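Copied over from TrEMBL:
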DISULFID  154-164  disulfide bond
DISULFID  264-301  disulfide bond
DOMAIN    65-291  domain 'Glycoside hydrolase family 19 catalytic'
SIGNAL    1-20  signal peptide
């Protein structure tokens, strides 16, 4: 009996050590390149980068926080039950953490960027409404695709560069829903996945759905324009024309980049305020606090002119 208890105790201690190792912060591998310190930090920041010398997202944003933000996504009335999870998000984020996603600046800046990105995601995938259980902001990631598309979203203007595949439909799918053949084509090229011929992959794989959304967050719509990431973390310096158009670094301009004049320059519209409310709600839940979101002109785009007016160029 004593030998049996000793064996059980040994196994318990081994399991405790293994679990402890899993949760311990990964020490970065550090080297100097051209006089600058760069790091590699385990699977989550596997390319040498200055950003990998910082805390990775999983060190400050963990499973329980993801569950708090998207508390109602797996309720029976949701439309993507069992699809979205923390592991898919953090795996997708690992591809861009060496580029600064969630790793630019200090821990607070990283948390704010994750809250900002997920604020967009929550707003665009929500099935919440005013009297919904838990409140309208608790229902993000309720969808992973458009349920009743009224179009194939095939633009023949791009038939030479991004030709529509026979039988394919390019309706909204993903965490920041992709629309139109040319957007699926561009995302597929970047992610090295054939989304032009297989747009359905986005609604079948949550990691890929998050990867497409983070790629969109990190990528400018056009040259000489900022990405949503750069506009949010302060990498972008507005020109004189930007200042005249009331475009300033911050959350408001991320809406301008992602949605243009369908959301921005419309005053305090419901669509804009819904996105802002999700961001503020997530800041509160993550322990940052909505007071860190900034003043009205930084937080919103109510008076901003669009970078790419809808009359002159297609938007996603």
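Glycine is no exception: its Cβ is also placed from the backbone N, Cα and C atoms.
Just so you know, of the disulfide-bonded residues 154, 164, 264, the Cβ with the fewest other Cβ atoms around it within 10 Å is the one at 154. There are 31 other Cβ atoms within 10 Å of the Cβ belonging to residue 301 (disulfide bond). Taking the Cα atom of each, residue 301 (disulfide bond) and residue 164 (disulfide bond) are about 34 angstrom apart. Comparing residue 264 (disulfide bond) with residue 154 (disulfide bond), their Cα atoms are 25 Å apart once rounded.
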